[in-house]
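Visitor: These came from TrEMBL, pasted as-is:
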- 79-98: transmembrane segment (TRANSMEM)
- 82-275: domain 'Cation efflux protein transmembrane' (DOMAIN)
- 104-127: transmembrane segment (TRANSMEM)
- 148-167: transmembrane segment (TRANSMEM)
- 187-207: transmembrane segment (TRANSMEM)
- 227-247: transmembrane segment (TRANSMEM)
- 284-336: domain 'Cation efflux protein cytoplasmic' (DOMAIN)
């Protein structure tokens, strides 16, 4: 009951601030500009809270997303995954040829990255298909946790790649053997293949990053990573051939460290979503605001809980209704509030 009172009090304060803000917006902004330190931060947070409440109101007005829009988004996500997998096949073949011709360990690191892209892409595609086919009797709450599991496997594979490349690059530095110089035809093929691969991956990154699907966004992150590895790998191979041979393995080590750091963070983020971390206070505020405005019969919101459930939040809300309200109406209000 104490927690419920605290939520209710916070909500009322927000409503009072909302009425004050909309009655004099220019004075509100002027007050922010004239404050310093903690006061400015406080008012900025209040303003952000009001904007989040406006988002809730707009969602209620527009209701839910239509089935046509959901199907369109699903088709776009599937197209993005298919074209990403096809591109990975083509680029893998080209990079294998470039690796054989150049003998660069940095280019080899980029080639191994493309090979594991296919493996990881298969994992994510299987994840997407498994989420589409749901047996409600075997999986009564769906397969929302399959998505972060697939992303964790994907990230673990990428981190393993980085560690292997790191060991190979260190071994090459320890052996300390100067490789042969690249011929003009070899350099031409190297430039052509790596620049083409970079342009393709950059275009795929621009396309996939606009998707709302987390799996497609994982593809986008991988495409961006490929752009970085292609540029660094090409630069290390060319500079190592033109100036000092050790630039090539050093570039491979840089790519390996970047790979391990980047994808280890991805593993941690998705592992937390599987454990069931609490939603941030801003999300709890929006949920409280949504619940209290859902129906005039709701006297107050007693408890709001929200925690990660795969890629989404699982929300529990306890509301207080009038004592004399018929059970049928109370049930209807609670049923309509379910999300």
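Glycine is no exception: its Cβ is also placed from the backbone N, Cα and C atoms.
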Visitor: Check the domain 'Cation efflux protein cytoplasmic' (284-336) for me and report the mean pLDDT.
Guide: 84
Visitor: Could you give the residue numbers and ranges of same-chain residues that sit at least 6 residues beyond the transmembrane segment (187-207) on either side and whose C-beta is under 8 angstroms from one of its C-beta atoms?
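Guide: For the transmembrane segment (187-207), the sequence-distant neighbours (Cβ-Cβ under 8 Å, at least 6 residues beyond its ends) are 80, 83-84, 87, 91, 94-95, 97-98, 101-102, 104, 107, 110, 114, 219-220, 223-224, 226-227, 230-231, 233-234, 237-238, 241.
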Visitor: Where DSSP helix means H, G or I and strand means E or B, what are the helix, strand and coil counts for the domain 'Cation efflux protein cytoplasmic' (284-336)?
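Guide: Helix (H, G, I), strand (E, B), coil: 19 helix, 19 strand, 15 coil.
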